[in-house]
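Notes to accompany the following structure.
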Amino acid sequence: MAMKLLKVADYAEMSRQAADIIIKQVKEKPNAVLGLATGSTVLGVYRELAADHRQHGTSYRLVRTVNLDEYVGLDPDHPNSYRYYMNQHLFAQLDIPLHETHVPDGLAADLDEECRRYERLIDELGGIDLQLLGIGRNGHIGFNEPGTPFSTATHVVELTELTREANARFFPSLDDVPRYAITMGIATILRSRRIVLLASGEEKADAMARLLEGVVTPDLPASALHLHPDVTIIADCEALSLIPKEKRRVDAP
Ligand code: GLP
């Protein structure tokens, strides 16, 4: 199994290390296709990328991006849509042309057609060079909830209550959290040439312990990553706190 684990002290260190990998990728291949994620975990990475762009001028002029997922029914201008999040936290801070950034359209009249279009789009871009991932408390990646077959392409999902509750902190109330989303499937994610998964905080410790046990099962969607040849996991101490002590040494300062 080609899964590399970088154990880091904390969120800041995780964010810096992930940003370094992305910056290196963009320098090596200026027209790289980056697969991006949303949520709290990746916010620090986006702050690092923005700071590096300002200070060192790393250019994203030729980069193309595809996001993992989007809520169904939220307008791109809705502050809780993932399109809004991406524009706000990353794209507006870089020199990337907005038309080269892609997020599934959660308002599409025909959602199944939108899923097919998104798969074609990724192919037309030449595939994803580097996919950034967070992990849900139940081990979901993107919005692929437990039980999702690994063969699934981009599809519409009904969100689990656990996921809706976890994401409710961004919404006025639980009732406002959409019930459906469009997400890249596990097969879509596994087609990326390289994958970087981030985990921070003790609420991810259970999912991480199960992931690092190595059992590959649709009950833990992230375990599909064991089937991929080039995965780097960057996790902090809290996220690794349920791993047996002897394996928990912090490698990076
Ligand atoms: C969300 C997103 C995922 C994200 C995960 C973790 O529901 N759909 O793409 O990786 O859950 O989110 P957070 O980083 O906020 O913990």
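Here the Cβ of each residue, glycine as well, is placed from N, Cα and C on the backbone.
Remember, it's a predicted structure, so these values are computed and weren't measured experimentally.
The annotation domain 'Glucosamine/galactosamine-6-phosphate isomerase' is assigned in TrEMBL to 13-226.
A strand conformation is recorded for Asp69 (active site, proton acceptor) in the three-state DSSP classification. If you take the C-beta of Asp69 (active site, proton acceptor) and look for same-chain residues 6 or more apart in sequence within under 8 angstroms, you find Thr38, Tyr82, Pro104, Gly142, Phe143, Ala181, Ile182, Thr183, Met184. Residues or ranges marked as active site, proton acceptor in TrEMBL: Asp69 (among others).
Over all protein chains present, the Cβ of Asn138 (active site, for ring-opening step) has 18 other Cβ atoms lying within 10 Å. Among the features that TrEMBL reports, active site, for ring-opening step is placed at Asn138 (among others).
Long-range Cβ contacts of His140 (active site, proton acceptor) within its own chain (separation 6+, distance under 8 Å): Pro146, Thr163, Pro221, Ala222. As annotated by TrEMBL, active site, proton acceptor applies to His140 (among others).
All protein chains considered, the CB of Glu145 (active site, for ring-opening step) has 21 other CB atoms within 10 Å. According to its DSSP assignment, Glu145 (active site, for ring-opening step) is coil. What TrEMBL records for Glu145 (among others) is active site, for ring-opening step.
Close contacts with ligand 1, defined as a Cβ under 6 Å from any of its atoms, occur at Asp69 among the active-site residues Asp69, Asn138, Glu145. Glu145 (active site, for ring-opening step) is 8 Å away from Asn138 (active site, for ring-opening step) when you measure Cα to Cα.
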